[in-house]
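Undergrad: Got these off Swiss-Prot a minute ago, pasting:
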type     : residues : note
CROSSLNK : LYS24    : SUMO2 cross-link
MOD_RES  : LYS24    : N6-acetyllysine
REPEAT   : 153-160  : repeat '1'
REPEAT   : 161-168  : repeat '2'
REPEAT   : 169-176  : repeat '3'
REPEAT   : 177-184  : repeat '4'
REPEAT   : 211-218  : repeat '5'
REPEAT   : 219-226  : repeat '6'
ZN_FING  : 104-120  : zinc finger
Amino acid sequence: MSRYGRYGGETKVYVGNLGTGAGKGELERAFSYYGPLRTVWIARNPPGFAFVEFEDPRDAEDAVRGLDGKVICGSRVRVELSTGMPRRSRFDRPPARRPFDPNDRCYECGEKGHYAYDCHRYSRRRRSRSRSRSHSRSRGRRYSRSRSRSRGRRSRSASPRRSRSISLRRSRSASLRRSRSGSIKGSRYFQSPSRSRSRSRSISRPRSSRSKSRSPSPKRSRSPSGSPRRSASPERMD
């Protein structure tokens with residue numbers, strides 16, 4: 001939930017200079033007199049401070065006025081709004097700062113003699129956070145730039161390789177198709193005239209030789225008796 005109430009004021013109160021044996025019940029009894037509470041949180045490491053959150057910012061302001069400098073949990077506490085000063089518009093004059101008290105403790109480290117905005121631990125945390133944020137931002141920018149460059153290089157290197165491989169495949173397939181079609185046409189459909197003539201001659205020659213061998217030999221004239229005719233010799237004249 002928001003730390004600001006419906007009237008726009010601060011609802012969380014800082015309680016400083018608490019003893020090590022401060023209890024949650026004592027704080028609730030002391031601050032609930034001014035209004036209903038939301039949460040009560042007591043620091044343990046380092047100890048010495050607490051935060052009390054009200055439901056209404058006006059109750060928080062009343063608690064600051066009534067309990068600041070009072071003895072709670074066996075020690076004189078310092079009570080103020082968690083921002084250190086009440087919320088104001090930009091046209092209001094900044095209120096006068098509270099005079100420094102050497103007995104006040106810092107709620108960041110628990111030591112006396114300074115406040116949280118002057119704490120060396122708080123300054124270190126702010127520096128480490130700013131450095132980590134700047135480092136992460138620069139790292140993210142470098143990573144995004146290197147990634148975009150690598151993508152551009154990959155796309156450039158991949159496109160000529162793909163185009164070359166595709167052109168080589170197409171040329172090879174076209175040459176194979178041409179060679180196959182040429183061999184089929186030459187073997188089946190397109191024969192040279194010299195081959196056809198030689199085949200026709202080789203086929204016709206044995207037929208002529210067979211016809212000659214089968215043709216009957218010249219017939220000899222025979223007599224009806226079967227013996228060859230002889231010319232009659234002239235009869236002798238006795």
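Any Cβ shown, glycine's included, is placed from N, Cα and C.
What you are looking at is a predicted structure, and each value in this text was computed from that prediction instead of being measured.
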Undergrad: In the predicted model, what is the mean pLDDT computed over the repeat '4' (177-184)?
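TA: Within the repeat '4' (177-184), the model's average pLDDT equals 61.
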Undergrad: May I ask which residues of the same chain, at least 6 positions away in sequence, place their Cβ under 8 angstroms from the Cβ of LYS24 (SUMO2 cross-link)?
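TA: When sequence neighbours closer than 6 are ignored, LYS24 (SUMO2 cross-link) has VAL40, ILE42 within Cβ distance under 8 Å.
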